[in-house]
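Note sheet for the following structure.
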Amino acid sequence: MTADSAVLALVRELIARPSVTPDDVDCQLLLAQRLEHAGFRCETIARGDVTNLWARRGNAGPLVVFAGHTDVVPPGPRDKWDSDPFVPTERDGYLYGRGAADMKSSIAAFVVAAEEFTAAHPGHDGSIALLLTSDEEGPAVDGTVIVCDELRARGEQPDYCIVGEPTSGDVLGDTCKNGRRGSLSGRLTVKGIQGHVAYPHLARNPVHQLAPALAEMAATEWDRGNEYFPPTTFQVSNLRAGTGATNVVPGEAVVLFNFRFSTASTPEGLKQRVHALLDKHGLEYELDWELGGEPFLTPRGPLTDALVAAIRAETGVAAELSTTGGTSDGRFIAKICPQVIEFGPCNATIHKVNERIELASLEPLKNIYRRTLENLLLPR
């Protein structure tokens, strides 16, 4: 079996397992069996309905980790798909199926890359590990974060981590994520006095009180970003008030909002500024906060250089380092690993009907991962 067909065969096996969060459907068991044959020690770290796999080969440093998730989002209406989302289907140069791009192809490519690398260089420097979870697309409370806590408790610290998220845009290799913005959400409840719209002097309209404060929040420059991050953004995601009647002044207004923030801001700093702004407008309010994740950044260095060089050698593409997009499990790994980068296939169809990956990209993806291991773990 050729290397590219080995990747294709494995990703087909993974897609055929309908591993919607948090159900792993033995994806990790399949992978562990292969990794054990390549000399990896495999350990399942389960929590609730979530399955996590930690597989490591070697004991020395540096420790290079590949991180990924075996779970996928629900397929949505199956009648909208041109083929069964859990029957891997090759058509017009693409492989279709839920998880094809996000991120079962990355997992298959790295496993085969690790098999090739360890077979060719059994005495390589350092160690290689895989961290896989079935809880990335869901709450993400019993997945990667639990494994990171366990690794921290026993002093097992990765030096480099590649997260196999689908980061590429137009072509394989054009984008790597060397950081991600943080996510801070708020639920703001502004108190008013319900009443009849014909007697506004007997009521207090929380929407009228909220509007100027909300406008100021939307117009505020929270920071200017920095070399790696765009400026922090503020967005309202939901606004609710009233009973549905046209003649009743609402008794309260509820706003859900979110900051995507850079390393130029901190959660506490953003919270303090929001409270000061609301207090300035004289609002009676309650505000609950939820920190979805802090920003992380890997400056240019050994890991970024190794991956960018591997991409150029395999594809000729000059990869761009970017911090745009949503959060990922990289936010948990960055707390125990000094260098984290995300790289994987094109992301145009992730979470969509007819999710797909170009068949011709599977072997280059595997080769990029293998070349990165060579750049990090072989004498230069």
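Backbone N, Cα and C atoms are what each Cβ position is placed from, and that goes for glycine too.
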Site-mate of Asp102, Glu165 for Zn(2+) 1 in Swiss-Prot, selected among His69, His201, His208: His69
Those recorded positions listed as Glu136, Glu137, and which of them has the most Cβ atoms within 10 Å of its own Cβ: Glu136
Sorted by sequence, non-Asp102, Glu137, His351 residues with Cβ within 8 Å of centre, Zn(2+) 2: Val72, Val73, Gly99, Met103, Ile350
Neighbourhood of Asp71 (active site), C-beta criterion under 8 angstroms, separation at least six: Ser19, Val20, Thr21, Pro22, Asp23, Asp24, Thr133, Ser134, Asp135, Glu136, Glu137, Gly138
Pairwise CA distance, His351 (Zn(2+) 2 binding site) versus Glu165 (Zn(2+) 1 binding site), rounded so that it is a whole Å: 13
Surrounding CB atoms that lie within 10 Å of the CB of Glu165 (Zn(2+) 1 binding site), all protein chains: 29
